[in-house]
Amino acid sequence: MNFINLFIIAVALAMDASGVSISLGIRDALKAKQKIYFVLSFAVFQFLFSFIGAYSGMLFSKHLASVPSIIGGITIAVVGVLMIKEGMEGKSDYMLTKWSMYIILGISVSIDALVVGFTAFQNLRNFTTILWDTIFIGIITFMFSALAFYAAGKVKKISFIPKYADYIGGVMLILLGLKMIF
């Protein structure tokens, strides 16, 4: 696979993580350390899932083509609903500061990387090539997610954003989840 194709795949996979990063980043509840945990989680799971998919090859590619998008979409939409619910209850920082949320969101934005690994990387037979290509995907996801958190920090300086951040972020996650499902 040439570099341009790999870059396009990496950027496409990083988009879900970037969208989630923006919706989380506009909230005041997250500290810098927690944002780093989310960015690392997204990058590690993107790498890991694309690596597992690539290494496993085409064994399951025909049967699992649409399942990852549906599962990831439902998970992200549910987190969006919970975010709105917590905003209404005034508990805006509780859910996102739990360790399990780093893992849940990291996995949910990375499930589609399994299918990409199964399909786009199925012809890669060299372990080293698979490893470097999937590490590159993780690095791109890291960079895009970090930039998304940075951009969200700038956006939340708009006066009404922090007040409605739970609702805006929740709606963004629900829409992202629906996009993944359909």
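Note that Cβ sites are derived from N, Cα and C of the backbone, with glycine treated the same way.
Residues or ranges marked as transmembrane segment by TrEMBL: 6-24 (among others). Long-range contacts of the transmembrane segment (6-24) within its own chain (CB-CB distance under 8 A, at least 6 residues past either end) are made by residues 30, 35, 38-39, 42-43, 46, 50, 72, 76, 80, 83, 96, 105, 109-110, 112-113, 116, 120, 133, 136-137, 139-141, 143-149, 151-152, 155, 168-170, 172-173, 176, 180.
Same-chain neighbours of the transmembrane segment (36-58): 13-14, 17, 20-21, 24, 30, 102-103, 105-107, 109-111, 113-119, 121-122, 124, 127, 130-131, 133-135, 137-139, 141-142, 145-146, 149, counting only residues six or more beyond its ends whose CB sits under 8 Å from a CB of the stretch. According to TrEMBL, the feature transmembrane segment maps to 36-58 (among others).
Per TrEMBL, transmembrane segment is recorded for 64-84 (among others).
Residues or ranges marked as transmembrane segment in TrEMBL: 96-118 (among others).
Summarising the annotation, TrEMBL assigns transmembrane segment to 130-152 (among others).
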